[in-house]
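> Attaching a single structure in structure tokens format; questions to follow.
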Amino acid sequence: MLPSQALLPAVVFALTALRALASDTFLAAVYEHAVILPRPSQEPVPASDALALMNRNMDVLEGAIKEAAQQGAHIIVTPEDGIYGWRFTRESIYPYLEDIPDPAVDWIPCTDPSRFGPAPVQERLSCMARNNSIYVVANIGDKKPCDSSDPSCPRDGRYQYNTDVVFDTQGKLVARYHKYNLFRSETQFDYPKEPEAVTFETPFGKFGIFTCFDILFYEPAVVLVSKMQVDTVLFPTAWMNVLPFLTAIEFHSAWAMGMGVNLLSANTHNTSMAMTGDGLFTPEGAAAYHYDSDTEEGRLLLAELSAHPRLSPSYPPAINWSLHATSIKKFPGENDTFLGTVRKDIFTFRELRHKDGNYTVCQGDLCCHLVYQISNKSRDEVYVLGAFDGLHGSLIKYHWQICTLLKCPSTNLSTCGQPVETAQTKFEMFSLSGTFGTRHVFPEVLYSGVQLAPGEFEVLRDGRLKSKHGMSKPLVTATLFGRLYEKDQPHPLRISL
């Protein structure tokens, strides 16, 4: 007979599994972490110093994990760079890396920590999951040796990967994902040779995982949803907010709605880097979200989500994103347009000069249509309808199609497209649509103060983004954000891989 202490984790796991199986929902948590950063250095620090810093961050994460577990959460996602930060060269990050094996090895680091060499970070994360009977998702660094027989092997004889890991309620490593789309400043890491579509099954649904910049690309983001048919995506991120379309909460909420899955988005928190905004997002909108650009504090969020959203009665129907817009004739005055810039992208804009109207703006193959009524117009505020159809990005170029109703920072039309967070004008209604050449379109509505508008807008089957019953707050932007993945240019840094 096993001692009672040995039986306890198994009993807790069984009860957790039964509780999850008894319902079509699960309790999810994300933690926005104010990361304790190392001092910038070009050279590696001693391994003991690196571990000391990582343990300071893991102390904070462990507190959040315990609190989430005590509230009944089945899974918690922590941020990208959440254990050691991001101020590194390729050489200086090395002491923070561990060898992370393929999950097929069936390994519980908490009970067998030295099986694959020193792995104190994996051991501690595994024990956090095991001791609290909760799935734990974290972002750490993986190192893999290579030699001259591999033509792609770096000069220092190793690959270094930005890596997500998942430990189940027993502390077992069940998923490992190497970030495929590195952001331009991630020179400390290597690109994987091939994209990974990482999934794993739980008693409360099928999960997939990728990291931050990955969300903007076909591989792995669309592959996981469309081909692997995951129910929920785990999303560690270190997202720097960029208005008017790419703040964390608006785009991540829009992506979950456009792709029809749950997205558990955990962001780092650093106001000097414009990093904030995490949430639990569903096909119907935000279940919970947080955005705080004023304080330096972390935040734990929890929400009950559908384990199998595609089977939910409220699951949104399939949408033909161009149906309504292609049926509309161009309205008079379409030539009354001007060009403006949104982060180097040249948009075609048209000013909304009346309190209500029908407007059309076209660029390339995209025509955007807007019907609107303003209930409370502020004299010193200007709104425009904008269209963009083209490649975005400097080094890595990918194709956007965007229809947007947005507020300008001032009455000077040359400012239209520049970031703005606040507004006073309220819209009674709006209906925005476009002749999109893609089925991958993400609907966004952002209120004054960088707030979402859950429950106050809908997307009709014919592709119209439409307000429901008036708008409770002043509008900053309403956007349909389309991605034509097939028009993306080849990745310049992958050609030699």
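Don't overthink the numbers, they just go from 1 along the chain as shown.
Cβ coordinates come from backbone N, Cα and C, glycine included.
Per TrEMBL, the feature active site, proton acceptor maps to GLU80. Annotation source TrEMBL lists active site, proton donor at LYS179. Annotation source TrEMBL lists active site, nucleophile at CYS212. Feature annotation from TrEMBL assigns domain 'CN hydrolase' to 31-307. Sequence annotations record features per position, and here TrEMBL assigns signal peptide to 1-22.
Are these features on the surface or tucked inside, and what are their neighbours?
GLU80 (active site, proton acceptor): 27 other CB atoms within 10 A of its CB, across all protein chains.
Cβ environment of LYS179 (active site, proton donor): TYR161, ASN162, THR163, ASP164, GLU186, PHE189, PRO192, PHE210, THR211, CYS212, PHE213, ASP214 lie under 8 Å away, each six or more residues apart in the same chain.
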> Taking 10 A as the limit, how many CB atoms besides its own sit near the CB of CYS212 (active site, nucleophile)?
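Excluding its own Cβ, CYS212 (active site, nucleophile) sees 26 Cβ atoms within 10 Å.
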> Please give the average pLDDT for the domain 'CN hydrolase' (31-307) in this predicted model.
97
